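According to TrEMBL, the features are:
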- 9, 10, 11, 12, 13, 14, 15, 16, 17: ATP binding site (BINDING)
- 5-214: domain 'Cytidylate kinase' (DOMAIN)
Ligand code: C5P
C-alpha cells in the first residue's frame, strides 16, 4: 500500500510525536489511533458506562463522532478533548476499552477508510499487523520502561502537573502488559517491521533514521 507509513509500539515510546513530525515532513495526514481509543474511553467515563459492559461500549463507539484537526487536536462530538483524553483516569481505563473486539472493529474500519483515501502516517498498537499490514513502510518504536516513564514525567512537570515517577512507571507497565496479553490484536512486532529503539535517540535522530530507511539509504 503506497504512501502509507504504519508505526506501532508501547506507550511512551514517542510514537505519536514522531508520527506527527514525520507526517509534517512528508506532507501526509497523521492519524493517532490511540487518541481514538482514548476518546471512546472518555465518552464512556462521561456517560458513566460500566467498562465490563461490552455491548454498551460498542454502541458508544458507533455513536460518537471523533474528529482531528490539522494541528492534531482531537474532538469528541465537536468538543476539543485533546487534554482530557490524556488524563490519568483515561489512562486507567483505555486498555479495557481497547480490549473489546467490537470497539476495535468500529475503529479499525474508520482507520482503514482514512488510509484508503489519504497519504497517511498512522500510529498505534496494531497498525502494522492488523489495520494496515500492507503498508509501504512499517516501524516498531520502542524504548526502555525507565526511559518511557522519565519522558512522561518530564512532560507532566513541564505542564506544571503533579507527577510521581514510580507511579508513572507502574501505570505504563500495567498498560504494556494488558495491551500485549489481550486476546484481540495484541501489541506484537510484525515480522517485516523495522524496530527502532529510541532509548538513547532524541526525536530528530529517530526522524532522520526513519527517513533514511524510507529513502532506501539504509
Ligand atoms: O498510544 P496511546 O498510549 O495513546 O494508546 C492508548 C491505548 O489505546 C493503548 O494503551 C491501547 O490499549 C489502545 N490502543 C490500541 N490500539 C491502537 C492504539 C491504541 O489498542 N491502535
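Glycine residues also receive a Cβ, built from the backbone N, Cα and C atoms like all the rest.
Structural mapping of features recorded in TrEMBL.
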residue : record           : contacts (Cβ under 8 Å, 6+ apart)
9       : ATP binding site : 15, 123, 125, 139, 140, 141, 142, 187
11      : ATP binding site : 34, 148, 172, 175, 176, 179
13      : ATP binding site : 141, 142, 143, 148, 198
17      : ATP binding site : 203
> What does DSSP assign residue 13 (ATP binding site), in three states?
Replying inline: coil
>> Can you tell me which of these binding-site residues sit near ligand 1, meaning the Cβ is under 6 Å from at least one of its atoms: 9, 11, 13, 17?
In response: 11
>> Averaging the per-residue pLDDT over the domain 'Cytidylate kinase' (5-214), what integer do you get?
In response: 95
> Other than 9, 10, 11, 12, 13, 14, 15, 16, 17, which residues of the chain come within 8 Å of the ATP site, judged by Cβ distance to the Cβ centroid of those residues?
Replying inline: 18, 123, 141, 143, 148
